Amino acid sequence: MRNPIVIGMSWIAVYLGIIVLPLLVLLFYPPTPNAERSFWLEFSVALGFIGLAMMAMQFALTARLHPIEDSYGIDLILQFHRYTSVVAFFFILVHPLILFIDNPETLQLLNFFQAPWRARAAVIATLALIALVVTSIWRKRLHIPYEPWRLAHGILAAIAVGFGLGHALGVGNYLELFWKQIIWVGMAAAALWLLLYVRLLKPLFMLKKPYLVETVIPHRGNVWNLVLRPRSHQGLNFQPGQFAWITLQISPFRMREHPFSIASSATHPDRLEFGIKAVGDFTNTIKDVKPGTKAYLDGPYGVFTTDRYEDTAGFVLIAGGIGITPIMSMLVTLAEREDERPLLLIYSSKSWEDITYREEIEALKDKLDITVVHVLREPSEDWSGESGYVDKELLQRYIPKRPATRNYFICAVPKMMEQVEAALHDLGVPVTNVHMEHYNIV
Ligand SMILES: Cc1cc2nc3c(=O)[nH]c(=O)nc-3n(C[C@H](O)[C@H](O)[C@H](O)COP(=O)(O)OP(=O)(O)OC[C@H]3O[C@@H](n4cnc5c(N)ncnc54)[C@H](O)[C@@H]3O)c2cc1C
């Protein structure tokens, strides 16, 4: 089997290689020497080139490419996308600032109506980039709904990279050689191709593999299980804990695709269940979805799966609320595979009546070597079990004496995940044994 660490490191090397490629080219094949070009001018241009290359690479990071997703998981990739966007933004903003300080006459280039088109392209790219960053960081504060934001995000990114490249080609100082232009145009074409792949080709593939809603089953905690059956194909081979993007009705070209963990057994790729909590526009409609409705899936994705840790002595599964869905898939799959390893489920819910899949989990006790600890935030007076938050003291009471012998899976609201992760660390669980799925990735 190929070593995942080596694969992960290789992707990082590829990323860094592409980012610095334009600079390496400049280093080995510098432009015609010009005595008037100061160090700061060269430095500013270098920042501009790196920033532009980083921006172009964002298309690859967000294209849901399986080889990359399978190495890191979507939340890590999106986190990387966010951080590197801010760094690229900083480089691109500092690039003209240095020029203005080094040679104040260049400030005239900001006069949009009189400036040459290459300067106008730079202004348009920078404004698009500012809009991109502001609407992403403060999307919720600005009350921008997810779908329009996502559409605008793609358009603004294409404008920023397209006009940024136009600016670089227009300035030309460093790109006068034909093949240097080829590198840049190639990078931009690859970015555009990725955008088309995600928005056009992938939906076309999905169109060929539709699913039909078989039924919608109500569960405790305002959760609805959407049951899908493949129509004229084999279904979806997935690992327990993975998720898929669902589009309901009309076509997969719609922007309304939402990610949901598969809650059913991985041994049945031809019957998929998604446990969906009603929290907003889309999820509130699930209860009314009619049997026979068409659905399209993009997946499976994610590295949050017990299947990656076959050698472990057992699993500790920690869920909060709807975070139970991927864990439910792990449990039912392990049960169907007659897995005999010891399992511990620590499950935080609001009240006894709110525990999603309470009866189903109880039934699994007959098939698995499992200890279930329910933790209630609002217990009734006669509740004698655990209550409050899942903290270090609670975990210490239940996790094995040799904690490093298990793998730990956490899926809950961000605050609970942070606290549980820190507590496990304090209790001696190696970071490599802790796996988390974030539902608030955007
Ligand atoms: C990997 C993953 C697995 C998930 N698994 C489950 C699950 O098994 N069960 C479950 O109930 N929920 C799950 N979620 C959360 C679920 O995707 C959101 O609750 C749902 O998309 C909210 O949509 P809405 O229109 O009803 O709510 P809204 O009120 O419109 O959105 C609430 C918030 O959800 C997020 N969101 C909205 N639309 C999308 C979208 N299209 N894509 C990504 N995020 C969006 C945004 O942060 C938004 O602010 C999962 C999320 C992720 C990332």
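In case you wondered, yes, glycine gets a Cβ from its N, Cα and C as well.
The annotation transmembrane segment is assigned in TrEMBL to 12-31, 43-62, 83-101, 121-139, 151-170, 182-201. TrEMBL lists 206-307 with the feature domain 'FAD-binding FR-type'.
Comparison of 12-31, 43-62, 121-139, 151-170, 182-201 by number of C-beta pairs under 8 angstroms to the transmembrane segment (83-101) places 43-62 first. Of the Cβ pairs linking the transmembrane segment (12-31) with the transmembrane segment (182-201) and spaced 6 or more residues apart, 3 or more are under 8 Å, so the two regions touch. Within the same chain, residues 18, 21-22, 25, 53, 56, 59-60, 62-64, 154, 157-158, 161-162, 165, 168-169, 175, 253 sit at least 6 positions outside the transmembrane segment (182-201) and bring their C-beta atoms closer than 8 Å to a C-beta of that stretch.
Averaged across the domain 'FAD-binding FR-type' (206-307), the predicted model reaches a pLDDT of 93.
Same-chain residues lying 6 or more positions outside the transmembrane segment (121-139) and placing a CB less than 8 Å from one of its CB atoms are 55, 82, 85-86, 89, 92-93, 96, 109-110, 112, 115, 146, 149, 152-153, 156-157, 159-164, 166-167, 170, 442. Secondary structure of the domain 'FAD-binding FR-type' (206-307), assigned with DSSP and counted as helix (H, G, I), strand (E, B) and coil, comes to 10 helix, 42 strand, 50 coil.
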